[in-house]
Amino acid sequence: MVKHQPLQVYERQLCLSCLTGIYGCRWKRYQRSHDDTTKWEILWFLILSGTFSLLLVWFYFWWEARNDYNEFNWSLYNQSGEWSDRTVPILATTAAGFTYITLLMVLALCHVAVGQQLNLHWLHKIGVTAALLTTITGVISVNQMWAEEWDIILISLQATGPFLHIGAVAAFTALAWIVAGQVARVEKTRLQVVLLLLYVGALLALYLVPLTITSPCIMDRSSLKPRPAIIGHRGAPMLAPENTILSFHKAIQLKVSGLETDVTVSLDGVPFLMRDHTLQRTTNVDRIFPDRQFDEASLFNWTDLRSLNAGQWFLKDDPFWTVHSLSRKELSRTGNQTVCSLEEMLRLAARFNRSVAFDLRRPPPGHPRHKSWLNDTLETVLLSGIPQELVMWSPDWDRELVRRVAPGFQQTSTEKLPKEVLHKRGIVRLQLRYNQASPQDIRELSANNMNLTLRSVNEPWLFSVLWCSGVPSVSSDAPHILRKVPYPVWLMTPDEYCLIWITTDLISIVTVVGIFVFQNYHMIRWRLSGMRSYNPEQIMLSAAVRRSSRDVNIMKEKLIFSGPQQWQPPRWDSPAPCLLTAAQCPSNPTHPPSL
């Protein structure tokens, strides 16, 4: 044991050098300090902690928002006119910044744990400031252009809340080691009490957090509703170009219950499928009609539209990073797709007995079909041969006329309206964004025999939460992913959750108490024994095993020059220090203890 002591001391000094060197560029031993941290450095520690917390929320937001990455990119495309996956640089910078700030946070806590003075290097201070300002700018930007996406945090907590609680309890339990060490070092009783109250208060609040956690997946398994039906949103756009016959074919192969698309009307009155206002993103209009590439899509006649290629862009842009999974035959078919008409899609749906839903966009003023666009679309639907009960009709224009001409249509609304208004208009189905219907809304709509479809649901965790909530159907860009979810990602009964919650809290309590007793063993023993003749240096010296060599030397010097003491120090060559009782101490030592 003694032979290996120099090696252990060397390793300890090496670790301490790395710790202070990375954090404050203090690589030399003489540069380290056990003095109290200055108020300026305490302020920087608080700024670092705030930056870490903000980046943690920001990183979590983008991690859960992957359900809507395509929506985000499309929104930016409408503003800039150029398509690119903007989530890649955002995720890369967020991950890099979060990793960097987390490293600094860990180093700062390690400084506190070993009693080293905090002294953040100025380069790190610049880095922390840059990370903080960049994150704040990102939050403001998202709040301005994509404010509704913040709801994803609250919705995702229904899936992750119970597990985040366990992680938070584990993290706070680990902090007990640092807090207990600080309590042992602080000499003022009042400061010790304040520190303990703050930590214990925060820990108790964390223990009670599950009282506020609600999740539809905490339920009896017997109450689970049937698996929601999946509607292919623009077909299967992750596997084939959106709104093409190939995309709808792939969706049907994935056994979707319906198809959803976007419809506009051409210059000569042919309804066709197109999501964008222009043809620039999803066709080669810039090569075929370079002078018209920025024109409204509805200002082209059907002959011109049919001459465009609607598949090459998918192979070039690879919007969902899925092109590598296609076979040669699939690549060839994908590259030869054309603009699809509404009639083609309806005939395909009728052949496979699939329901259809579509968003209908009215041509701009001055368009030859500006007034007759609704009749053109209605006529196409009726002549396609699709059964009326498979059509979910959502346009609000002339709804009464549509109900008279096609009474079998499922009248659908894309607005969340009072049930009285819905019944008055003959609405039997709602199509809403997934954040517009809470579990309570879903239950109420189901009780009123109102069918509900939520869009766009692409992630298994969101699909699972909505399944547990009782949603009858969802619209998805990723039917191939949801198809692989035969059961909710997780489901537990209330009793099982309570057992996990209570067990986690009990383990944490036992661990925290054990850490505090271990860290403050000598102080507790001294107070219980009533040995008031000990001064703080003597008590802390008896726990020298847990103190750094510099602190021990300081305490030795204080004892040497403090005059005669009613105390006999332990032998420093003994395996472990010990406390002597008052009866064992010499009554009149003639010289200070030899150190």
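A Cβ is built for glycine as well, from the same backbone N, Cα and C atoms used for every other residue.
As recorded in TrEMBL:
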{"type": "DOMAIN", "residues": "228-486", "note": "domain 'GP-PDE'"}
{"type": "TRANSMEM", "residues": "42-63", "note": "transmembrane segment"}
{"type": "TRANSMEM", "residues": "90-114", "note": "transmembrane segment"}
{"type": "TRANSMEM", "residues": "126-146", "note": "transmembrane segment"}
{"type": "TRANSMEM", "residues": "152-179", "note": "transmembrane segment"}
{"type": "TRANSMEM", "residues": "191-213", "note": "transmembrane segment"}
{"type": "TRANSMEM", "residues": "499-518", "note": "transmembrane segment"}
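Count of Cβ pairs under 8 Å against the transmembrane segment (126-146): among 42-63, 152-179, 191-213, 499-518, the largest is for 42-63. Where the transmembrane segment (191-213) meets the stretches 42-63, 90-114, 152-179, 499-518, the count of C-beta pairs under 8 angstroms peaks at 152-179.
The stretch in 42-63, 90-114, 499-518 that contributes the largest number of Cβ pairs under 8 Å to the transmembrane segment (152-179) is 499-518.
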